[in-house]
Amino acid sequence: MHIIIRPTADEVAVAAADIVVPHIRRGATLGLATGSTPVATYQELIRRHDAGEVSFADCRAFLLDEYIGLAPEHEQSYHHTIRHEFTAHIDIDDALVASPDGMAADPHAAADTYEHAIVNAGGIGVQLLGVGTNGHIGFNEPGTALTMPTHVTTLHPQTIADNARFFDTAEDVPVHVLTQGLGTIRRAGHLVLLATGQHKAAAVACLAEGPLTTMCPASVLQLHNNVTVIVDEAAASGLKNLEYYRFAEANPLKV
Ligand code: F6R
């Protein structure tokens, strides 16, 4: 796991864009997270797109997750959110920005369909991830098997409380979601996890330095060979091995 620490959230976004852009230039299939954390990275990617530095014309994208019961045009559906915050502002083909069908009559079948669509597309090249305060990635809450494919699940009350800020009341947050599973996420070629702010410090410490455990779903990243974790100083503040991460970053292998 390659851990990059930057002083501020804005610098995390620049570092993340630096890592993702070479994938975009190769026409990679992008795995996209929603939530607050990647927004600054999306803005940085839009800026580089507008400056003519990068084109998404050869890319397609798969979202991590979707709320069950929110129509695609609902302001808080992830289908809508990713377009509003990112993909409507770049030259990616909108028909190739996929998300699980939160309105499907049979959500379990929709989960299978989504998993197959990812496999049929040749898998995800680079997957952007945020992390929940309870260590979730996607909506794989504590206790989720580390091998799960895309599936239907129930949000943890902590996640509902965390996400209530996007809705009028906590009661409006859907309780059920479709999410790529930890097994799906583990098959992506390169995992890039972003975390900013003091409230993410415990989750970052558990995912990077804690034991591999379903109680911290993001710890599954420890089983992947190509993981970059980019955090600001506040989110890094719970890490014990900080001196080593800084040393390793200051001394890259020159080839
Ligand atoms: C969103 C997602 C979630 C978020 C996580 C952090 O698609 O899959 O795992 O990344 O809840 O959310 P923020 O960034 O809002 O703190």
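Keep in mind that glycine also has a Cβ here, set from the backbone N, Cα and C atoms.
Taken verbatim from TrEMBL:
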- 24-227: domain 'Glucosamine/galactosamine-6-phosphate isomerase' (DOMAIN)
- Asp65: active site, proton acceptor (ACT_SITE)
- Asn134: active site, for ring-opening step (ACT_SITE)
- His136: active site, proton acceptor (ACT_SITE)
- Glu141: active site, for ring-opening step (ACT_SITE)
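TrEMBL feature annotations superimposed on the structure.
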residue	record	DSSP (3 states)
Asp65	active site, proton acceptor	strand
Asn134	active site, for ring-opening step	coil
Glu141	active site, for ring-opening step	coil
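Within 10 Å of the C-beta of His136 (active site, proton acceptor) there are 26 other C-beta atoms, taking all protein chains into account.
For the pair Glu141 (active site, for ring-opening step) and Asn134 (active site, for ring-opening step), the Cα-Cα distance reads 8 Å. With respect to their backbone Cα atoms, Asn134 (active site, for ring-opening step) and Asp65 (active site, proton acceptor) stand 17 Å from each other.
Note: the Cα of Asp65 (active site, proton acceptor) and the Cα of His136 (active site, proton acceptor) are spaced 12 Å from each other.
With a 10 A radius on its CB, Glu141 (active site, for ring-opening step) counts 23 other CB atoms from all the protein chains. Look at the Cβ of each of the active-site residues Asp65, Asn134 and count the other Cβ atoms within 10 Å; the largest number goes with Asp65.
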